[in-house]
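Asker: Take a look at the following structure, please.
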């Protein structure tokens, strides 16, 4: 039904209004399409809330496989492909950075790697940024306990573990991943992984195993959500 005002409009006025409406609709459709395309981008930068940390959300990509592939290629070819990125860590799960939330979340998150019949040797590495309420020792102890409860055959290995549980705390968010070849790929350091064994020995006389031992605490003493990838700037 037309209002009295619309009924009084001349044919040309109505035609002009229709053109305006059509233009507005086209503009709105274009904005929606652009917004949708942005949301579906394979890689999307997200504010991390910490200095020198870039957080990348991925779409339709397994971050562990992607980062492992990049590091494997760099380790094999020994070709340096970045000057500014220091480390690249896959993040396959996030939760609130509070102990109870982390315990509840990891009971399910760890299952693909550590729940019987799955098993493996492991270590836990922990780093916190812009966060002072979490205790490194407590986090390692509790998460190692959960891994052990999933299968008593899971054992700690600080020298050459099959899996490394990476715990990155950024403000009030806990970022988690379980990665392979953490020792072989120099703690997922893109600058170090391209060095030959000879160069590495000359620049760092201490063994990698010793370096690794200083980075983690043995479990006995200190014991999938959205898909993302973090990159730490040099």
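Cβ atoms are placed via backbone N, Cα and C, with glycine included.
Straight out of TrEMBL:
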type: COMPBIAS; residues: 1-13; note: compositional bias 'Basic and acidic residues'
type: REGION; residues: 1-21; note: region 'Disordered'
type: DOMAIN; residues: 73-180; note: domain 'THUMP'
type: REGION; residues: 196-234; note: region 'Disordered'
type: COMPBIAS; residues: 202-211; note: compositional bias 'Polar residues'
type: COMPBIAS; residues: 217-234; note: compositional bias 'Basic and acidic residues'
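Please situate the listed features within the shown structure.
Answerer: Mean pLDDT for the domain 'THUMP' (73-180) in the predicted structure: 95.
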Asker: Which residue counts does DSSP give the domain 'THUMP' (73-180) for helix, strand and coil?
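Answerer: Across the domain 'THUMP' (73-180), DSSP assigns the residues as follows: 35 helix, 37 strand, 36 coil.
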